[in-house]
Structures are given as C-alpha cells and as structure tokens.
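**Student:** To start, I am sharing the structure in question, which I have written as structure tokens.
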C-alpha cells in the first residue's frame, strides 16, 4: 500500500517540498508493512476494502482531501521514483550478502552491477516474513485505484464528469477488484515464477502500474468526450470479451498446475509430456491470456475516443511488452522442455492471436 497511504494520510502543506513528500512516503511504507502483516492470512481484497473504507471515513470527516493525488500527481510520481531506486539498491546489497540456498532466496549474481540491479538478484526476497514481490504488486494495484478515485472526485468537483469518465472508472475498478479476488492466480504467472525482484519489477509495480495505467483518467479530466450508444456498447463488448479470455486462460493454467487432471471445458485436458496444457484457451494459442490483457487495456482507452494518441499509450506499451515477454518465455520453455516443447508447438502453432500470429 506504501505511497497509496501517503497520498491520503500524511497532511501536506500547500507547497510540499520533495523532502517532506519522500519522508511521508518512507513513513507510510512502514505503516503499510504493519497493515500487510496484520492481514497476511487474509485476501488482498480484505486489505483493499479496509484501506478504501479508512480513507473514505477520513475524507468524510475532513481529515484528508480526496483530491490530494489529482492535485499533486507529479510530486508523488517523483517521490515514488526515488523510493524505487533506494529500495532496489537495498535489495541489491541484501541479495549480494545472502547465503541462503533456497530457490526463492538464492542470489543470482552476474557480476554486472547494472544488470543485477535492474533484473534483481533474488526471486522472492522477504522482509519481516512478507513476500516483497507480492507486496509491491498489491501496492501498485491499490495505488492505481486510489489515483482513479482521486481523479473521479476531481472531475465531480470541477463539474466535468462525463459518460466516458464513468465508463473508464467502472472498467478499471472491476479489473482491480477482480485482481484481488483472484490474487491467488498470481502464483502461476511469469513475474512470480521466473522474474527476480529488481528495479524493473519494483518500478513497474510502484510507479508504472499506478501512474501509467491511469493516463486515460488524467486525460479525460481535461478533455470531455461524448460517446454514442453504439460506441458504449462496443466498448463494453471489448471489455467483456477481454475479461473472459484473460481471466479464463489464467484460471485454467492455475487449476492445471494444482491438479493436472481437472477437466477443461468439460473434457479431460490434453497434456503434452505430462507438463504442458494444450486444451482450453491454451489449446487455441500460446499465451492466449495476453490477448485478453490487451483487449482489456484497449477497453480502458476506448472511452477517450480517437482524437488523441495519448490515452492509447498503455495498450501500445503493453503490446510491445507482452510480445517481448512472450518471446523470452518461448526461449526459456524451449530450453526447459526440449522435445516436449517441440511437440507442444506442433499442437498449438499460434502465438497470442489465434489464426493470425
């Protein structure tokens, strides 16, 4: 929750210095660790509900302003960036000194300082028994929601609330809530399984997710877009299909990893070499979940219309990222599964986009 708490619970003067913003960030990071430790056996949804309830009560009582993020977004972004740099340097130093031999904590040192700092040294480093990788992802998703809520409050105050803003807010809120409901599925994703925790992931979680994924909201705050009924229906259709593919594919993969014999779409799963799922969404295309994710990202931008490319930065960036990640995963799987992977490619030749790519 880190900087998300900072935005609302630390009283900021009219002209906040970077030092005070960073002090607030560091202070609230400690508080968020305590909060996460208290709910370590609860779901992320419980933590999110608790956070929003506390902030809502504080806003109602006049203790904090719900507009603080919308009014000081750039300052918070700068403080979050500095925080990411310092945290990842600490992770690097801690990882270098670790003698743990477990797969999640064993240090992987290449000798290149920049490379090791960027990609990380340990797979799942911990602090006070809290998995930092999960903690930072949770903080980023909560931050995204809180930025959106602050933008929504600002648009209401300014009298600029539009159908486009409401549609964008609904789609994002549903996506974020769904993430916390199905947070367990994160355990079978590429980030958790393969990526070590370095600047790339920490920056992505604490800064890129909340501030980049909310670009459409910032844009709509200053640009009014009126959508036609067919446009709204089409936008909802893109969101629902994207959600069905994204959530369905991730759910099938997660269930398969827990019990490889669980039926997929009512039929026994097709399994290659006893390890690779080749039925359901995963029998249609490799990384079909990426297609769903891209459709969801597009649905967040469509409410902004087509007058500017700015709101489409997120889906364009995501397209590049997922193609790069898919290729990295292809190489990793080819090395890991060898002849089994070759058989899987024969059964499932399409990548991300069925019958096209």
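Quick reminder: no glycine exception, Cβ is built from N, Cα and C everywhere.
TrEMBL lists these features:
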TRANSMEM  21-41  transmembrane segment
TRANSMEM  48-70  transmembrane segment
TRANSMEM  76-94  transmembrane segment
TRANSMEM  135-153  transmembrane segment
TRANSMEM  201-221  transmembrane segment
TRANSMEM  227-246  transmembrane segment
TRANSMEM  266-284  transmembrane segment
TRANSMEM  296-324  transmembrane segment
**Student:** For the transmembrane segment (296-324), give me same-chain residues lying six or more residues beyond its boundaries with a C-beta closer than 8 angstroms to one of its C-beta atoms, as numbers and ranges.
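**Tutor:** Result: 163-165, 167-168, 171-172, 175, 212-213, 215-216, 219-220, 223, 225, 227, 231, 234-235, 238-239, 242-243, 246, 287, 290, 352.
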**Student:** Which of 135-153, 201-221, 227-246, 266-284 has the most Cβ pairs closer than 8 Å to the transmembrane segment (76-94)?
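**Tutor:** Counting Cβ pairs under 8 Å, the winner is 201-221.
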**Student:** Would you kindly list the residues that approach the transmembrane segment (266-284) from elsewhere in its chain, counting only those six or more residues past its ends and only Cβ-Cβ distances under 8 Å?
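**Tutor:** Beyond its ends, the transmembrane segment (266-284) has Cβ neighbours at 245, 248-249, 252-253, 256, 260, 337, 339-341, 343-344, 347-348, 350, 354.
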